[in-house]
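As annotated by TrEMBL, active site, nucleophile applies to 226. Here TrEMBL flags 250 as active site, proton donor. Here TrEMBL flags 107, 224, 254, 321, 368 as substrate binding site. The annotation compositional bias 'Polar residues' is assigned in TrEMBL to 501-512. The feature disulfide bond is assigned by TrEMBL to 53-61, 171-184, 458-494. The domain 'Glycosyl hydrolase family 13 catalytic' annotation in TrEMBL covers 36-392. Residues annotated as region 'Disordered' in TrEMBL: 493-512. Per TrEMBL, the feature signal peptide maps to 1-23. The site 'Transition state stabilizer' annotation in TrEMBL covers 321.
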Ligand SMILES: *[C@@H]1O[C@H](CO)[C@@H](O)[C@H](O)[C@H]1NC(C)=O
Ligand SMILES: *[C@@H]1O[C@H](CO)[C@@H](O)[C@H](O)[C@H]1NC(C)=O
Ligand SMILES: *[C@@H]1O[C@H](CO)[C@@H](O)[C@H](O)[C@H]1NC(C)=O
């Protein structure tokens with residue numbers, strides 16, 4: 001039955017050249033941007049009471065695959081080209097545990113069934129179909145490392161693997177001990193997570209069949225793999241091949257780039273979530289914080305030296321396991337600048353539902369707020385993300401920007417300047433208050449007098465002598481993304497408006513060393529909504 005549909009999807013994923021299916025899909029995913037959803041928390045079915053969800057209760061709030069499908073406009077209008085949804089397979093069924101109910105979907109009981117809480121097989125297929133009709137991709141979260149139990153001697157007959165011999169013997173994880181992290185059980189004695197023996201040949205072949213069927217049946221375009229580093233690395237290449245689609249593993253960690261980078265490549269996974277970049281973004285942009293942009297530059301360099309391919313890493317500032325950015329950093333410009341960096345550097349940007357609404361929960365369960373309380377408002381953060389997606393999608397379609405490596409141009413107390421392909425991004429961590437006399441100067445490879453447009457507000461810059469660009473902060477610490485004017489002509493980003501066709505020289509503002517000059521606003525009317533909303 002799914003053959004025709006799969007053919008269509010494969011055509012979508014395939015590139016012109018003859019390459020293995022997996023390589024093509026990684027390449028395609030590099031050009032996507034992802035909106036991360038916990039199915040239970042994104043949207044309610046029509047008629048449901050929106051006041052009944054308390055994240056602190058650790059229980060279901062009522063979101064479904066159908067309600068995601070009915071609210072895709074909100075995601076697509078922000079420019080996203082893919083969604084990642086929480087696990088779809090059957091979870092623990094039973095009394096509420098000391099850690100609540102499995103509304104998040106990660107407490108796998110039987111992977112061979114869908115989770116009826118979120119809908120039927122047809123509902124999931126309808127979501128997939130609707131995404132593809134919108135030319136969007138579906139990424140599904142899968143849990144392979146473990147199942148969930150309420151005792152250390154569970155009844156194995158309820159799981160997909162029904163024999164005790166297909167699991168490691170119970171032992172609590174000794175953190176820091178590699179073997180223990182691989183074979184012992186996650187969780188604790190209240191909610192133990194029995195560890196599947198992923199070296200057992202029956203387990204391996206069953207998982208291969210399972211994942212192939214899951215992907216084919218539901219038209220899944222990519223997988224996010226939970227707790228990937230707790231599975232033996234050599235399990236992954238066969239699993240990825242069986243899946244036949246791009247896989248991105250959760251390899252939780254900090255700035256230890258070379259350890260995490262070992263999980264990407266032909267002997268491991270196509271990609272991992274970019275925890276080192278996340279840690280470095282916090283170092284650089286959280287206010288108050290260390291604001292160490294050198295640490296960010298260092299991580300960027302190390303990633304390019306250690307990862308097989310940085311352009312397919314999953315970049316993020318938030319997810320359901322870490323504090324909301326707005327909990328750590330209240331100044332919105334902190335988030336906007338870090339967000340702009342995340343979109344303009346190597347990797348696939350991932351935004352966790354609710355960040356665009358300034359949600360500020362800290363740890364689990366407070367960082368899993370229901371999105372509907374926001375009224376799906378077009379907040380300044382939402383508009384900023386929409387703008388970044390628009391610019392990134394445009395660059396991807398009109399240049400080879402996405403495969404170019406990011407280079408650091410400058411690191412200073414005020415921020416960081418980077419260049420990827422033709423784009424110069426100047427990001428600051430000074431925060432919202434205007435700072436007259438404060439600026440960030442970067443030396444670009446552009447010839448003096450080259451016209452660049454700040455695509456965040458359509459302001460025109462002209463490159464000064466020796467390639468210098470000087471960004472001033474008289475309107476506060478806003479993100480600046482400079483693209484050659486010629487590259488934008490004819491496109492949807494900052495089209496020249498009739499009134500500004502002849503930019504008057506009178507608006508010149510030579511800065512201290514006659515470096516770069518702002519000479520006028522291009523099509524600022526086009527951006528009125530955005531700029532008005534952005535507190536500038
Ligand atoms: C900033 O990060 C760099 C690189 O990681 C490190 O060497 C330096 O000590 C850090 N500086 C501060 C002030 O923490
Ligand atoms: C951070 O999260 C905690 C727990 O949700 C909350 O009590 C606190 O008010 C939050 N802080 C901010 C600044 O939002
Ligand atoms: C800072 O500069 C802006 C624009 O040049 C000006 O409007 C504002 O009055 C200045 N503020 C201070 C405190 O000097």
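Any Cβ shown, glycine's included, is placed from N, Cα and C.
Curation does not apply to TrEMBL; its annotations are automatic.
A quick note: this is a predicted structure, and the numbers were derived from the prediction, not measured.
Here the features listed in TrEMBL are placed on the structure.
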residue	record	Cβ within 10 Å
53	disulfide bond	23
171	disulfide bond	12
184	disulfide bond	19
224	substrate binding site	25
226	active site, nucleophile	20
250	active site, proton donor	23
321	substrate binding site	14
368	substrate binding site	24
458	disulfide bond	24
494	disulfide bond	26
Looking only at C-alpha atoms, tell me how far residue 224 (substrate binding site) is from residue 250 (active site, proton donor), rounded to the nearest Å.
7
Cα distance, residue 321 (substrate binding site) to residue 184 (disulfide bond), nearest Å?
21
Out of 61, 107, 254, the listed recorded positions, fewest other Cβ atoms within 10 Å surround the Cβ of 254
Whole-number mean pLDDT, the domain 'Glycosyl hydrolase family 13 catalytic' (36-392), equals 97
Nearest-integer angstrom distance between the alpha carbons (Cα) of residue 368 (substrate binding site) and residue 53 (disulfide bond)
11
Binding residues 107, 224, 254, 321, 368 (substrate) - maximum C-alpha distance in whole Å:
25
Does DSSP give residue 224 (substrate binding site) helix, strand or coil?
strand
Name the one residue among 107, 226, 250 whose Cα is closest in three-dimensional space to that of residue 458 (disulfide bond); these are the recorded positions.
250
Close to residue 226 (active site, nucleophile), taking Cα pairs within 10 Å and only the recorded positions 53, 250, 254, are 250
